Amino acid sequence: MSGSRKFFVGGNWKMNGSRDDNDKLLKLLSEAHFDDNTEVLIAPPSVFLHEIRKSLKKEIHVAAQNCYKVSKGAFTGEISPAMIRDIGCDWVILGHSERRNIFGESDELIAEKVQHALAEGLSVIACIGETLSERESNKTEEVCVRQLKAIANKIKSADEWKRVVVAYEPVWAIGTGKVATPQQAQEVHNFLRKWFKTNAPNGVDEKIRIIYGGSVTAANCKELAQQHDVDGFLVGGASLKPEFTEICKARQR
């Protein structure tokens with residue numbers, strides 16, 4: 001990771017948690033010390049967002065796991081960026097592979113969500129990544145560019161890019177126990193950074209944080225974190241365990 005980009009670790013709880021379990025995790029996070037060069041975020045299910053934001057120290061961000069592309073209306077089951085901000089949260093995860101593959105969200109819909117979330121003042125973790133069959137067909141770069149291009153078409157200014165973190169999450173490594181090698185992760189992250197150099201406003205390529213998601217654990221995080229273009233992690237299952245605090249410290253000495 002470049003020293004000019006602040007290390008970023010997000011914990012995506014997915015559809016997990018209870019008030020009792022949450023209290024235990026929040027206690028661990030509240031007692032943990034993260035240095036000034038590390039930014040930490042957790043994304044609980046939406047029903048817990050308000051309660052957790054009120055009880056967790058402000059240094060740790062709280063994110064929603066999803067939102068819709070308009071501010072209000074007859075969209076049963078959806079929440080809007082305005083609602084997320086209204087309860088004190090300032091981040092949202094969009095484009096996660098589970099939203100794409102289980103719920104059928106298209107590149108265009110995800111891009112529209114990103115555009116609206118940014119317009120409403122949220123910061124965004126924008127997820128991209130390929131499936132195993134796409135990797136085996138040597139389509140990793142093609143898929144990532146297709147997904148990223150849809151998002152980039154909706155973001156016009158360098159100022160908006162400052163509120164975006166890109167999460168590269170190879171779908172074949174999510175919840176499978178498989179993990180991209182540090183070299184594989186660096187290769188894709190470096191490719192993405194070069195793509196930004198020619199497809200985004202001047203300077204975005206050096207400043208944007210590109211984080212890795214896919215079976216990150218305390219055992220493999222340090223080696224991954226040493227890669228020049230890996231600026232942090234989006235953590236799934238391990239974010240529900242005490243080891244999450246160790247992952248957050250992957251670059252602390």
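Each residue, glycine too, has its Cβ placed from N, Cα and C.
LYS14 (substrate binding site) falls within neither a helix nor a strand when secondary structure is assigned with DSSP, and so counts as coil. Cβ neighbour count for LYS14 (substrate binding site) (all protein chains, 10 Å cutoff from its Cβ): 18. Residues or ranges marked as substrate binding site in Swiss-Prot: ASN12, LYS14.
Under 8 Å, Cβ to Cβ, and six or more positions away along its own chain, HIS96 (active site, electrophile) finds ASN12, GLN65, ASN66, CYS127, GLU169. Among the features that Swiss-Prot reports, active site, electrophile is placed at HIS96, with the record citing similarity to another entry.
According to Swiss-Prot, the active site, proton acceptor annotation covers GLU169. The DSSP secondary structure for GLU169 (active site, proton acceptor) is coil.
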For HIS96 (active site, electrophile), the three-state class that DSSP assigns
coil
